[in-house]
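Residues or ranges marked as ATP binding site by TrEMBL: Lys7, Phe8, Gly9, Gly10, Thr174, Asp175, Tyr180, Arg185, Lys210, Val211. As annotated by TrEMBL, substrate binding site applies to Thr47, Glu74. According to TrEMBL, the feature domain 'ACT' maps to 268-353.
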Amino acid sequence: MPVLVMKFGGTSVANLDRIRRVAKRVGVEVAKGYDVIVIVSAMSGKTNELVGWVNETSPLYDAREYDAVVSSGENITAGLMALTLQEMDVPARSWQGWQVPLMTTSAHGQARIEEIPTKNINEKFGEGMRVAVVAGFQGISPEGRITTLGRGGSDTTAVAFAAAFDAERCDIYTDVDGVYTTDPRICEKARKLDRISFEEMLELASLGAKVLQTRSVELAMRYKVKLRVLSSFEEQSDEAGTLVCDEEDIMESNVVSGVAYSRDEAKMTLQSVADRPGIAATIFTALSDGGVNVDMIVQNISDEGRTDMTFSCPTDQVARAEQALLAIKEQGELNYAELIADTDVAKVSVVGIGMRSQSGVAAKMFKVLSDEGINIKVITTSEIKISVLIDRKYMELAVQALHDAFELDQAA
Ligand code: ADP
Ligand code: ASP
Ligand code: MG
């Protein structure tokens with residue numbers, strides 16, 4: 001029988017009523033003749049609560065135990081969803097990551113999926129099970145420890161299952177009815193897109209649009225998964241939501257197609273480091289070994305052989321960055337005057353494949369921000385995006401002003 005993957009995010013399974021509601025939708029697909037793989041997130045707020053408990057217990061925690069704790073939210077939803085389906089006379093059972101087994105790397109907290117053997121689940125489909133309810137976000141490492149796939153990781157679980165089982169479609173049900181030109185929660189003029197290219201979705205996701213986890217888009221692109229984002233709160237037709245697809249399948253295209261933001265950024269400045277070959281390598285090797293994901297990097301001009309080095313990283317990695325840099329300072333590998341952490345910043349980015357062929361987007365972006373009196377702290381660009389770091393208090397204003405200036409409320 002054809003397989004369909006349906007993923008339900010935290011707000012879609014926030015309580016028993018909502019679980020019943022989405023289970024009915026699963027029942028509809030089963031009645032159409034699909035074998036369904038349901039991927040569930042933890043109930044909304046649950047993962048944050050678990051992460052909070054870990055941080056309170058151990059600020060520089062052992063990531064293996066972090067995973068043991070934070071993966072548990074999904075187990076509850078998977079069991080409840082299976083029970084709800086059984087109550088509706090739909091033959092269903094729950095699967096935790098290790099039971100599949102969903103094999104990952106051992107990079108705890110941000111593990112990557114290596115393999116999803118289909119044998120166990122297919123055997124049960126063969127015996128009459130119609131729905132496999134899989135706990136999202138979790139897997140098992142080669143050492144046999146529970147791993148998690150990074151925040152938002154259930155999206156990636158869903159796409160990976162769709163690829164492994166050659167599913168007809170991967171439907172990501174969430175609390176908005178598709179992918180918008182920007183987060184509809186902070187910009188009321190945001191416009192829903194019927195289609196978006198993998199490339200643009202990849203950039204938007206990696207720049208903070210959390211509607212899909214970045215890795216899920218990468219996998220969908222690589223394995224040609226038919227990926228759709230839609231609302232679990234509205235009645236659905238086959239055309240509902242947003243289809244993430246190849247660039248060739250999109251007719252309309254604005255130069256800029258979306259604006260993304262991330263409030264979880266910190267700007268770190270190392271004051272007065274020696275300006276000589278090898279210093280950047282020393283700093284960024286220490287950060288990488290310490291598990292810090294560095295994003296933007298700027299080196300200031302040098303004065304009497306000393307310079308300042310600025311980089312950005314996620315706010316929750318500031319303590320790790322400080323620890324890693326202090327360690328090499330104490331070992332005499334790096335000398336610096338001070339390390340200043342500014343956690344009141346946000347990153348705002350504009351994205352569009354049209355930028356490849358049209359110039360002037362950066363100039364326009366900077367002008368819009370300056371007209372609003374917003375100071376830019378760091379800039380980075382790539383072929384199809386421009387990002388700036390600004391004071392967090394201006395973040396929403398910047399997103400709205402850019403959305404207006406690039407006329408994203410109107411289709412091309
Ligand atoms: P789920 O719990 O279903 O995984 P998430 O909270 O992870 O849901 O993702 C959905 C949220 O993503 C929306 O509520 C919305 O606020 C946010 N979002 C950010 N950028 C966008 C965008 N461009 N389009 C749609 N939603 C966006
Ligand atoms: N529950 C996890 C999180 O909140 C995974 C997910 O929902 O995608 O990040
Ligand atoms: Mg999510």
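Each Cβ is built from the backbone N, Cα and C atoms, and glycine gets one as well.
Curation plays no part in TrEMBL annotations; they are all automatic predictions.
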| note | Of Lys7, Thr47, Thr174, Tyr180, Lys210, the binding-site residues with C-beta less than 6 Å from an atom of ligand 2, in sequence order, are Thr47
| For the domain 'ACT' (268-353), what is the mean per-residue pLDDT, to the nearest integer? | 94
| query | Where the criterion is a Cβ under 6 Å from an atom of ligand 3, which of the binding-site residues Lys7, Gly9, Thr47, Glu74, Thr174, Tyr180 meet it? | reply | Gly9
| said: List, in residue order, those binding-site residues out of Lys7, Gly9, Glu74, Thr174, Tyr180, Lys210 with a Cβ under 6 Å from any atom belonging to ligand 1. | reply: Gly9, Thr174, Tyr180, Lys210
| query | How big is the gap, in Å, between the Cα of Lys210 (ATP binding site) and that of Thr47 (substrate binding site), rounded to a whole number? | reply | 15
| Record lists Lys7, Phe8, Gly9, Gly10, Thr174, Asp175, Tyr180, Arg185, Lys210, Val211 as binding ATP; longest Cα-Cα distance in Å? | 21
| request: Could you round the CA separation between Thr174 (ATP binding site) and Glu74 (substrate binding site) to a whole angstrom and send it over? | output: 16
| Site of maximum Cβ density within 10 Å, from binding-site residues Lys7, Lys210 | Lys7
| DSSP helix, strand and coil counts for the domain 'ACT' (268-353)? | 28 helix, 34 strand, 24 coil
| message | What whole-number Å value do you get for the CA-CA distance of Lys7 (ATP binding site) and Thr47 (substrate binding site)? | response | 17
